[in-house]
Amino acid sequence: MSIHIERLAASNKAHLWHPFTQMKDYTSGEPLIIERGQGVKLYDVHGRAYYDGFSSVWLNVHGHNVPELNQAIVDQLGQVAHSTLLGMANIPAIELAEKLARIAPRGLNKVFFSDSGATGVEIAIKMAFQYWHNLGVRGKSSFITMNQAYHGDTIGAVSVGGIPLYQEVYRPLLFPSHAIPYPSAYPHNDGEASAGAMETTLNALRTLLEARSHEIAALLVEPIVQGAAGILVMPPGCLKAIAELCRQHQVLLIADEVATGFGRTGAMFACDLEAVAPDLMVVGKGLTGGYLPVAATLATDEIYNAFYADYEAQKTFFHGHSFTGNPLGCAVALASLKLFEERDVLANVRKGAALVEQKLAVLQDHPHVGDIRQKGLMIGIELVRDRTTRKAYRWEERIGVRTAMRARELGMLTRPLGNVIVFMPPLASTERELADMCDILISAIRDVTEGASSV
Ligand SMILES: *Cc1c(COP(=O)(O)O)cnc(C)c1O
(Lines of atoms letter the chains of each structure in order from A and count residues from 1; the text may use other names and numbers.)
(Lines give C-alpha, C1' and ligand atoms only; values in the text may rest on other atoms or scores of the structure.)
Protein backbone atom coordinates (compact mmCIF):
# COMPACT_ATOMS: atom_id res chain seq x y z
CA MET A 1 0.00 0.00 0.00
CA SER A 2 1.28 3.44 -0.81
CA ILE A 3 1.90 5.93 2.00
CA HIS A 4 -0.94 8.04 0.63
CA ILE A 5 -3.50 5.24 0.84
CA GLU A 6 -2.30 4.17 4.27
CA ARG A 7 -2.74 7.72 5.46
CA LEU A 8 -6.28 7.92 4.03
CA ALA A 9 -7.19 4.64 5.73
CA ALA A 10 -5.85 5.89 9.07
CA SER A 11 -7.74 9.19 8.81
CA ASN A 12 -10.91 7.37 7.83
CA LYS A 13 -10.59 5.31 11.00
CA ALA A 14 -9.68 8.30 13.16
CA HIS A 15 -12.28 10.84 12.02
CA LEU A 16 -15.05 9.60 9.76
CA TRP A 17 -18.22 8.31 11.41
CA HIS A 18 -20.16 6.28 8.84
CA PRO A 19 -23.98 6.14 8.60
CA PHE A 20 -25.89 2.95 9.50
CA THR A 21 -22.56 1.37 10.44
CA GLN A 22 -21.29 -0.30 13.61
CA MET A 23 -17.89 1.36 13.64
CA LYS A 24 -16.35 -1.37 15.75
CA ASP A 25 -16.92 -3.87 12.96
CA TYR A 26 -16.09 -1.47 10.21
CA THR A 27 -12.77 -0.23 11.55
CA SER A 28 -11.49 -3.77 12.00
CA GLY A 29 -11.38 -4.33 8.22
CA GLU A 30 -9.55 -2.70 5.36
CA PRO A 31 -11.73 0.18 4.15
CA LEU A 32 -13.03 0.41 0.62
CA ILE A 33 -12.17 3.94 -0.51
CA ILE A 34 -13.67 5.05 -3.82
CA GLU A 35 -11.60 7.37 -5.96
CA ARG A 36 -13.62 7.73 -9.15
CA GLY A 37 -16.54 6.44 -11.18
CA GLN A 38 -17.09 5.79 -14.84
CA GLY A 39 -20.31 4.48 -16.35
CA VAL A 40 -21.82 1.84 -14.07
CA LYS A 41 -18.50 1.18 -12.33
CA LEU A 42 -16.72 2.66 -9.34
CA TYR A 43 -12.95 2.44 -8.87
CA ASP A 44 -11.17 2.31 -5.53
CA VAL A 45 -7.85 3.88 -4.58
CA HIS A 46 -6.03 0.71 -5.70
CA GLY A 47 -7.61 1.02 -9.15
CA ARG A 48 -9.90 -1.98 -8.61
CA ALA A 49 -13.20 -1.77 -10.51
CA TYR A 50 -16.61 -2.62 -9.07
CA TYR A 51 -20.05 -2.60 -10.64
CA ASP A 52 -22.28 -0.19 -8.74
CA GLY A 53 -24.89 -2.90 -8.08
CA PHE A 54 -26.94 -0.77 -5.71
CA SER A 55 -26.70 2.55 -7.57
CA SER A 56 -24.73 4.04 -4.65
CA VAL A 57 -27.67 3.28 -2.34
CA TRP A 58 -30.51 3.55 -4.88
CA LEU A 59 -29.61 6.92 -6.42
CA ASN A 60 -27.74 6.53 -9.64
CA VAL A 61 -29.59 6.66 -12.95
CA HIS A 62 -27.31 7.32 -15.93
CA GLY A 63 -24.05 6.01 -14.48
CA HIS A 64 -21.10 7.98 -13.09
CA ASN A 65 -19.09 10.75 -14.68
CA VAL A 66 -21.66 11.37 -17.41
CA PRO A 67 -20.42 14.18 -19.72
CA GLU A 68 -23.88 15.78 -20.16
CA LEU A 69 -24.51 15.89 -16.41
CA ASN A 70 -21.01 17.14 -15.61
CA GLN A 71 -21.41 19.88 -18.22
CA ALA A 72 -24.75 21.03 -16.77
CA ILE A 73 -23.06 21.59 -13.41
CA VAL A 74 -20.05 23.36 -14.95
CA ASP A 75 -22.32 25.65 -16.99
CA GLN A 76 -24.39 26.58 -13.95
CA LEU A 77 -21.25 27.03 -11.86
CA GLY A 78 -20.19 29.74 -14.30
CA GLN A 79 -23.41 31.58 -13.40
CA VAL A 80 -23.96 31.08 -9.67
CA ALA A 81 -23.47 28.11 -7.32
CA HIS A 82 -26.13 29.03 -4.84
CA SER A 83 -28.76 31.66 -4.20
CA THR A 84 -31.77 31.31 -1.92
CA LEU A 85 -35.45 30.69 -2.66
CA LEU A 86 -36.52 32.64 0.42
CA GLY A 87 -38.34 35.50 -1.24
CA MET A 88 -36.51 35.23 -4.58
CA ALA A 89 -36.05 32.68 -7.34
CA ASN A 90 -33.30 31.26 -9.52
CA ILE A 91 -33.50 30.05 -13.10
CA PRO A 92 -32.85 26.28 -12.71
CA ALA A 93 -35.28 26.04 -9.76
CA ILE A 94 -38.08 27.62 -11.81
CA GLU A 95 -37.40 25.41 -14.81
CA LEU A 96 -37.18 22.25 -12.70
CA ALA A 97 -40.43 23.04 -10.84
CA GLU A 98 -42.21 23.47 -14.16
CA LYS A 99 -40.73 20.25 -15.52
CA LEU A 100 -41.65 18.22 -12.41
CA ALA A 101 -45.22 19.53 -12.46
CA ARG A 102 -45.43 18.44 -16.10
CA ILE A 103 -44.21 14.85 -15.59
CA ALA A 104 -45.75 14.14 -12.16
CA PRO A 105 -49.07 12.34 -11.65
CA ARG A 106 -52.06 14.53 -12.46
CA GLY A 107 -52.84 17.42 -10.14
CA LEU A 108 -49.41 17.84 -8.55
CA ASN A 109 -48.82 21.35 -9.75
CA LYS A 110 -46.73 22.94 -6.96
CA VAL A 111 -43.15 22.07 -6.05
CA PHE A 112 -41.40 22.73 -2.74
CA PHE A 113 -37.66 21.96 -2.79
CA SER A 114 -35.47 20.58 0.00
CA ASP A 115 -32.28 18.57 0.15
CA SER A 116 -32.98 14.96 1.17
CA GLY A 117 -35.76 12.41 1.15
CA ALA A 118 -36.21 12.78 4.90
CA THR A 119 -36.64 16.57 4.70
CA GLY A 120 -39.06 16.07 1.81
CA VAL A 121 -41.10 13.73 4.03
CA GLU A 122 -41.01 16.18 6.96
CA ILE A 123 -42.37 18.84 4.63
CA ALA A 124 -45.18 16.58 3.42
CA ILE A 125 -46.12 15.75 7.04
CA LYS A 126 -46.20 19.41 8.04
CA MET A 127 -48.09 20.45 4.90
CA ALA A 128 -50.73 17.76 5.44
CA PHE A 129 -51.16 18.73 9.08
CA GLN A 130 -51.32 22.46 8.36
CA TYR A 131 -53.63 21.96 5.40
CA TRP A 132 -56.42 20.79 7.73
CA HIS A 133 -55.51 23.44 10.28
CA ASN A 134 -55.69 26.22 7.69
CA LEU A 135 -59.08 24.94 6.51
CA GLY A 136 -60.30 25.26 10.10
CA VAL A 137 -60.76 21.50 10.51
CA ARG A 138 -59.64 20.60 14.02
CA GLY A 139 -58.38 17.27 15.34
CA LYS A 140 -56.89 15.81 12.15
CA SER A 141 -53.42 15.49 13.61
CA SER A 142 -52.22 11.91 13.22
CA PHE A 143 -50.96 9.75 10.37
CA ILE A 144 -51.44 6.26 9.01
CA THR A 145 -48.33 4.32 8.02
CA MET A 146 -47.55 0.82 6.84
CA ASN A 147 -45.74 -1.74 8.98
CA GLN A 148 -42.03 -1.88 8.05
CA ALA A 149 -42.26 1.46 6.23
CA TYR A 150 -39.16 3.59 5.78
CA HIS A 151 -39.38 7.33 5.19
CA GLY A 152 -35.97 8.61 6.36
CA ASP A 153 -34.07 9.19 9.59
CA THR A 154 -35.13 12.55 11.01
CA ILE A 155 -37.42 12.41 14.05
CA GLY A 156 -40.63 13.13 12.12
CA ALA A 157 -39.73 10.66 9.38
CA VAL A 158 -38.84 7.99 11.96
CA SER A 159 -42.19 8.64 13.69
CA VAL A 160 -44.04 7.63 10.53
CA GLY A 161 -41.66 4.74 9.86
CA GLY A 162 -42.34 1.15 10.77
CA ILE A 163 -39.00 -0.63 11.17
CA PRO A 164 -38.62 -1.37 14.90
CA LEU A 165 -34.81 -1.55 14.79
CA TYR A 166 -34.61 2.09 13.68
CA GLN A 167 -37.29 3.27 16.12
CA GLU A 168 -36.95 1.55 19.49
CA VAL A 169 -34.20 3.70 21.04
CA TYR A 170 -35.91 6.92 20.01
CA ARG A 171 -39.44 5.89 20.99
CA PRO A 172 -39.78 8.61 23.67
CA LEU A 173 -39.01 11.26 21.03
CA LEU A 174 -41.46 10.01 18.41
CA PHE A 175 -45.08 11.02 17.85
CA PRO A 176 -47.48 8.05 17.63
CA SER A 177 -48.92 6.91 14.29
CA HIS A 178 -51.49 4.31 13.24
CA ALA A 179 -49.82 1.37 11.52
CA ILE A 180 -51.58 -1.01 9.15
CA PRO A 181 -50.13 -4.27 7.81
CA TYR A 182 -48.20 -4.17 4.56
CA PRO A 183 -49.71 -6.49 1.92
CA SER A 184 -46.78 -8.87 1.59
CA ALA A 185 -47.38 -12.35 0.21
CA TYR A 186 -44.11 -13.74 1.56
CA PRO A 187 -43.53 -16.29 3.12
CA HIS A 188 -46.43 -17.99 1.33
CA ASN A 189 -45.89 -16.78 -2.16
CA ASP A 190 -48.75 -17.52 -4.43
CA GLY A 191 -51.70 -15.70 -5.91
CA GLU A 192 -53.93 -16.67 -3.01
CA ALA A 193 -51.52 -15.41 -0.35
CA SER A 194 -51.19 -12.21 -2.28
CA ALA A 195 -54.96 -11.69 -2.46
CA GLY A 196 -55.26 -12.56 1.23
CA ALA A 197 -52.57 -10.08 2.23
CA MET A 198 -54.27 -7.35 0.24
CA GLU A 199 -57.62 -8.12 1.88
CA THR A 200 -56.03 -7.89 5.33
CA THR A 201 -54.45 -4.53 4.57
CA LEU A 202 -57.58 -3.03 3.06
CA ASN A 203 -59.80 -4.32 5.87
CA ALA A 204 -57.48 -2.88 8.51
CA LEU A 205 -57.43 0.43 6.67
CA ARG A 206 -61.21 0.51 6.23
CA THR A 207 -61.81 -0.25 9.92
CA LEU A 208 -59.34 2.40 11.01
CA LEU A 209 -60.77 5.05 8.68
CA GLU A 210 -64.36 4.31 9.69
CA ALA A 211 -63.48 4.70 13.36
CA ARG A 212 -60.98 7.56 13.32
CA SER A 213 -60.67 9.44 10.04
CA HIS A 214 -61.71 12.61 11.92
CA GLU A 215 -58.34 12.50 13.73
CA ILE A 216 -56.18 11.48 10.76
CA ALA A 217 -54.47 14.01 8.49
CA ALA A 218 -52.88 11.68 5.94
CA LEU A 219 -51.68 8.21 5.02
CA LEU A 220 -48.06 7.76 3.96
CA VAL A 221 -47.09 4.99 1.60
CA GLU A 222 -44.11 3.83 -0.41
CA PRO A 223 -46.09 3.17 -3.60
CA ILE A 224 -45.93 -0.36 -5.12
CA VAL A 225 -42.52 -1.20 -3.63
CA GLN A 226 -41.59 -0.94 0.03
CA GLY A 227 -37.84 -0.51 -0.21
CA ALA A 228 -35.96 -0.69 3.08
CA ALA A 229 -38.39 -3.34 4.40
CA GLY A 230 -36.71 -5.74 1.97
CA ILE A 231 -38.04 -4.79 -1.49
CA LEU A 232 -41.63 -5.90 -0.88
CA VAL A 233 -43.95 -5.60 -3.87
CA MET A 234 -47.66 -4.83 -3.45
CA PRO A 235 -50.25 -7.01 -5.19
CA PRO A 236 -51.71 -5.28 -8.28
CA GLY A 237 -54.58 -2.92 -7.53
CA CYS A 238 -53.68 -2.45 -3.89
CA LEU A 239 -52.27 1.07 -4.17
CA LYS A 240 -55.30 2.15 -6.17
CA ALA A 241 -57.64 0.71 -3.52
CA ILE A 242 -55.71 2.44 -0.72
CA ALA A 243 -55.94 5.74 -2.60
CA GLU A 244 -59.69 5.32 -3.07
CA LEU A 245 -60.31 4.55 0.62
CA CYS A 246 -58.33 7.63 1.65
CA ARG A 247 -60.32 9.82 -0.71
CA GLN A 248 -63.65 8.42 0.51
CA HIS A 249 -62.70 9.22 4.11
CA GLN A 250 -61.10 12.62 3.53
CA VAL A 251 -57.62 11.55 4.49
CA LEU A 252 -54.78 12.90 2.34
CA LEU A 253 -52.53 10.50 0.46
CA ILE A 254 -48.77 11.11 0.64
CA ALA A 255 -46.76 9.04 -1.84
CA ASP A 256 -43.12 8.63 -0.83
CA GLU A 257 -41.51 8.10 -4.24
CA VAL A 258 -38.00 8.78 -2.94
CA ALA A 259 -36.84 5.27 -3.88
CA THR A 260 -39.37 4.39 -6.60
CA GLY A 261 -39.40 7.72 -8.48
CA PHE A 262 -37.55 8.47 -11.72
CA GLY A 263 -37.85 5.22 -13.56
CA ARG A 264 -36.75 2.69 -10.97
CA THR A 265 -39.89 0.55 -11.35
CA GLY A 266 -40.11 0.92 -15.14
CA ALA A 267 -42.58 3.83 -14.99
CA MET A 268 -41.54 7.42 -14.28
CA PHE A 269 -43.28 7.17 -10.89
CA ALA A 270 -44.65 4.03 -9.22
CA CYS A 271 -48.00 5.84 -8.84
CA ASP A 272 -48.22 5.87 -12.65
CA LEU A 273 -48.38 2.06 -12.66
CA GLU A 274 -51.91 2.28 -11.20
CA ALA A 275 -52.83 5.79 -12.37
CA VAL A 276 -52.88 6.99 -8.76
CA ALA A 277 -52.80 10.75 -8.18
CA PRO A 278 -51.68 11.46 -4.60
CA ASP A 279 -52.27 14.76 -2.79
CA LEU A 280 -48.60 15.06 -1.90
CA MET A 281 -45.60 13.31 -3.40
CA VAL A 282 -42.03 13.22 -2.17
CA VAL A 283 -39.08 12.67 -4.52
CA GLY A 284 -35.33 12.62 -3.92
CA LYS A 285 -32.62 10.05 -4.63
CA GLY A 286 -32.82 9.75 -8.46
CA LEU A 287 -34.09 13.30 -9.04
CA THR A 288 -30.60 14.60 -9.88
CA GLY A 289 -29.59 11.33 -11.53
CA GLY A 290 -27.94 10.61 -8.20
CA TYR A 291 -25.51 13.52 -8.56
CA LEU A 292 -26.44 16.12 -5.93
CA PRO A 293 -28.69 16.34 -2.86
CA VAL A 294 -31.98 17.77 -4.10
CA ALA A 295 -35.42 16.56 -3.00
CA ALA A 296 -38.88 17.91 -3.65
CA THR A 297 -42.35 17.72 -2.15
CA LEU A 298 -45.07 18.12 -4.78
CA ALA A 299 -48.54 19.28 -3.81
CA THR A 300 -51.89 19.76 -5.52
CA ASP A 301 -53.36 23.21 -6.07
CA GLU A 302 -55.97 22.30 -3.48
CA ILE A 303 -53.29 21.92 -0.79
CA TYR A 304 -51.45 25.03 -1.96
CA ASN A 305 -54.62 27.11 -1.97
CA ALA A 306 -55.24 26.34 1.71
CA PHE A 307 -52.02 28.24 2.47
CA TYR A 308 -52.71 31.07 0.02
CA ALA A 309 -54.21 33.89 2.08
CA ASP A 310 -53.72 37.40 3.38
CA TYR A 311 -50.47 37.77 5.29
CA GLU A 312 -52.28 38.50 8.57
CA ALA A 313 -54.16 35.20 8.39
CA GLN A 314 -50.88 33.43 9.26
CA LYS A 315 -51.51 30.56 6.90
CA THR A 316 -47.96 30.73 5.51
CA PHE A 317 -45.91 27.55 5.36
CA PHE A 318 -43.14 28.53 7.77
CA HIS A 319 -40.53 26.05 6.64
CA GLY A 320 -37.32 26.19 4.59
CA HIS A 321 -33.75 24.95 4.34
CA SER A 322 -30.59 26.91 3.60
CA PHE A 323 -29.88 25.07 0.37
CA THR A 324 -33.48 24.83 -0.87
CA GLY A 325 -33.62 24.97 -4.66
CA ASN A 326 -29.85 24.86 -5.07
CA PRO A 327 -29.10 25.95 -8.67
CA LEU A 328 -26.33 23.39 -9.28
CA GLY A 329 -28.59 20.58 -8.10
CA CYS A 330 -31.59 21.82 -10.09
CA ALA A 331 -29.43 22.24 -13.22
CA VAL A 332 -28.18 18.67 -13.06
CA ALA A 333 -31.72 17.40 -12.36
CA LEU A 334 -32.91 19.15 -15.54
CA ALA A 335 -30.04 17.62 -17.52
CA SER A 336 -30.89 14.20 -16.09
CA LEU A 337 -34.55 14.51 -17.09
CA LYS A 338 -33.45 15.53 -20.58
CA LEU A 339 -31.40 12.32 -20.83
CA PHE A 340 -34.47 10.33 -19.72
CA GLU A 341 -36.16 11.49 -22.94
CA GLU A 342 -33.18 11.42 -25.30
CA ARG A 343 -32.12 7.93 -24.25
CA ASP A 344 -35.57 6.51 -23.47
CA VAL A 345 -34.38 5.36 -20.05
CA LEU A 346 -37.79 3.92 -19.15
CA ALA A 347 -37.67 1.54 -22.12
CA ASN A 348 -34.15 0.55 -21.09
CA VAL A 349 -35.38 -0.25 -17.57
CA ARG A 350 -38.20 -2.44 -18.87
CA LYS A 351 -35.86 -4.28 -21.24
CA GLY A 352 -33.22 -4.68 -18.52
CA ALA A 353 -35.79 -5.84 -15.98
CA ALA A 354 -36.93 -8.65 -18.29
CA LEU A 355 -33.34 -9.77 -18.76
CA VAL A 356 -32.63 -9.73 -15.02
CA GLU A 357 -35.78 -11.74 -14.32
CA GLN A 358 -34.68 -14.33 -16.84
CA LYS A 359 -31.11 -14.49 -15.50
CA LEU A 360 -32.15 -14.77 -11.85
CA ALA A 361 -34.64 -17.55 -12.62
CA VAL A 362 -31.78 -20.05 -12.09
CA LEU A 363 -32.04 -19.18 -8.38
CA GLN A 364 -35.73 -20.03 -8.27
CA ASP A 365 -35.12 -23.56 -6.99
CA HIS A 366 -31.99 -22.83 -5.02
CA PRO A 367 -32.30 -24.40 -1.54
CA HIS A 368 -31.34 -21.13 0.18
CA VAL A 369 -33.39 -18.69 -1.88
CA GLY A 370 -36.81 -18.15 -0.32
CA ASP A 371 -38.11 -15.43 -2.57
CA ILE A 372 -37.06 -13.29 -5.52
CA ARG A 373 -38.96 -9.99 -5.60
CA GLN A 374 -38.72 -7.57 -8.47
CA LYS A 375 -40.33 -4.46 -9.90
CA GLY A 376 -38.37 -2.91 -12.73
CA LEU A 377 -34.75 -2.60 -11.59
CA MET A 378 -35.57 -2.93 -7.89
CA ILE A 379 -34.72 -6.47 -6.89
CA GLY A 380 -34.59 -8.22 -3.52
CA ILE A 381 -33.49 -11.82 -3.03
CA GLU A 382 -34.48 -13.28 0.32
CA LEU A 383 -32.00 -15.87 1.58
CA VAL A 384 -33.33 -18.59 3.87
CA ARG A 385 -31.78 -21.49 5.73
CA ASP A 386 -34.35 -23.84 4.28
CA ARG A 387 -36.41 -23.13 1.22
CA THR A 388 -39.15 -25.67 1.93
CA THR A 389 -39.81 -24.76 5.56
CA ARG A 390 -38.92 -21.06 4.93
CA LYS A 391 -36.81 -21.21 8.07
CA ALA A 392 -34.80 -17.99 8.27
CA TYR A 393 -31.09 -17.64 8.83
CA ARG A 394 -30.19 -16.50 12.30
CA TRP A 395 -29.42 -12.83 12.51
CA GLU A 396 -25.91 -13.48 13.90
CA GLU A 397 -25.02 -15.46 10.81
CA ARG A 398 -24.96 -12.20 8.84
CA ILE A 399 -25.75 -14.08 5.69
CA GLY A 400 -26.62 -10.87 3.83
CA VAL A 401 -23.44 -9.07 4.82
CA ARG A 402 -21.30 -12.06 3.91
CA THR A 403 -22.96 -12.42 0.53
CA ALA A 404 -22.44 -8.72 -0.20
CA MET A 405 -18.76 -9.06 0.78
CA ARG A 406 -18.39 -12.02 -1.58
CA ALA A 407 -20.02 -10.01 -4.36
CA ARG A 408 -17.52 -7.25 -3.69
CA GLU A 409 -14.64 -9.71 -4.04
CA LEU A 410 -16.16 -10.76 -7.36
CA GLY A 411 -16.41 -7.13 -8.51
CA MET A 412 -19.83 -5.75 -7.56
CA LEU A 413 -20.96 -3.47 -4.75
CA THR A 414 -24.25 -3.86 -2.94
CA ARG A 415 -25.63 -3.56 0.56
CA PRO A 416 -28.07 -6.07 2.04
CA LEU A 417 -31.23 -5.45 4.07
CA GLY A 418 -30.86 -8.15 6.71
CA ASN A 419 -31.13 -11.48 4.86
CA VAL A 420 -32.31 -9.80 1.68
CA ILE A 421 -29.74 -9.20 -1.05
CA VAL A 422 -30.51 -5.95 -2.83
CA PHE A 423 -29.83 -5.54 -6.53
CA MET A 424 -30.57 -2.07 -7.91
CA PRO A 425 -28.26 -1.35 -10.81
CA PRO A 426 -28.05 2.08 -12.46
CA LEU A 427 -30.99 2.47 -14.86
CA ALA A 428 -28.66 3.06 -17.81
CA SER A 429 -26.95 -0.34 -17.42
CA THR A 430 -26.67 -2.21 -20.72
CA GLU A 431 -27.89 -5.79 -21.11
CA ARG A 432 -24.29 -6.95 -21.15
CA GLU A 433 -23.55 -5.15 -17.88
CA LEU A 434 -26.73 -6.44 -16.26
CA ALA A 435 -25.92 -10.01 -17.29
CA ASP A 436 -22.44 -9.64 -15.80
CA MET A 437 -23.84 -8.26 -12.55
CA CYS A 438 -26.40 -11.09 -12.32
CA ASP A 439 -23.61 -13.64 -12.77
CA ILE A 440 -21.68 -12.10 -9.88
CA LEU A 441 -24.79 -12.03 -7.73
CA ILE A 442 -25.60 -15.68 -8.45
CA SER A 443 -22.02 -16.78 -7.76
CA ALA A 444 -21.89 -14.82 -4.50
CA ILE A 445 -25.15 -16.37 -3.28
CA ARG A 446 -24.01 -19.86 -4.21
CA ASP A 447 -20.55 -19.45 -2.70
CA VAL A 448 -21.80 -18.15 0.64
CA THR A 449 -24.96 -20.20 1.16
CA GLU A 450 -23.50 -23.47 -0.06
CA GLY A 451 -20.37 -22.92 2.01
CA ALA A 452 -22.46 -21.82 4.99
CA SER A 453 -25.12 -24.52 4.98
CA SER A 454 -23.35 -26.39 7.78
CA VAL A 455 -23.07 -23.29 10.05
C1 LIG B 1 -34.02 6.73 1.07
C2 LIG B 1 -35.44 6.95 1.38
C3 LIG B 1 -35.86 8.07 2.14
C4 LIG B 1 -34.89 9.01 2.78
O5 LIG B 1 -34.15 9.74 1.86
P6 LIG B 1 -32.79 10.46 2.36
O7 LIG B 1 -32.38 11.26 1.17
O8 LIG B 1 -31.84 9.34 2.68
O9 LIG B 1 -33.14 11.26 3.54
C10 LIG B 1 -37.21 8.26 2.30
N11 LIG B 1 -38.10 7.41 1.79
C12 LIG B 1 -37.76 6.33 1.06
C13 LIG B 1 -38.82 5.44 0.49
C14 LIG B 1 -36.41 6.04 0.85
O15 LIG B 1 -36.05 4.95 0.18
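Cβ atoms are placed via backbone N, Cα and C, with glycine included.
Within 10 Å of the C-beta atom of Ala118 (pyridoxal 5'-phosphate binding site) sit 21 other C-beta atoms, taking all shown protein chains into account. Per TrEMBL, pyridoxal 5'-phosphate binding site is recorded for Gly117, Ala118, Asp256, His321, Ser322.
Taking a C-beta cut-off of under 8 angstroms and a sequence separation of 6 or more, Tyr150 (substrate binding site) has the following same-chain neighbours: Gly161, Gly162, Ile163, Tyr166, Glu222, Gln226, Gly227, Ala228, Ala229. Secondary structure at Tyr150 (substrate binding site), as computed by DSSP, is coil. The feature substrate binding site is assigned by TrEMBL to Tyr150, Lys285, Gly320, Arg415.
Taking a C-beta cut-off of under 8 angstroms and a sequence separation of 6 or more, Lys285 (substrate binding site) has the following same-chain neighbours: Trp58, Leu59, Gly117, Val258, Ala259, Gly261, Phe262. According to its DSSP assignment, Lys285 (substrate binding site) is helical. The N6-(pyridoxal phosphate)lysine annotation in TrEMBL covers Lys285.
Counting only same-chain residues six or more apart in sequence, the Cβ atoms lying under 8 angstroms from the Cβ of Asp256 (pyridoxal 5'-phosphate binding site) belong to Gly117, Val121, Ala124, His151, Leu220, Val221, Glu222, Pro223, Val282. Residue environment of Arg415 (substrate binding site) contains 16 other Cβ atoms, counted within 10 Å of its Cβ in all protein chains. Comparing Cα positions, Arg415 (substrate binding site) lies closest to Ala118 out of the binding-site residues Ala118, His321, Ser322. The maximum pairwise C-alpha distance among Tyr150, Lys285, Gly320, Arg415, the residues recorded as binding substrate, is 32 Å. In this structure, the binding-site residues that sit close to ligand 1, with a C-beta under 6 angstroms from any of its atoms, are Gly117, Asp256, chosen from Gly117, Asp256, Ser322.
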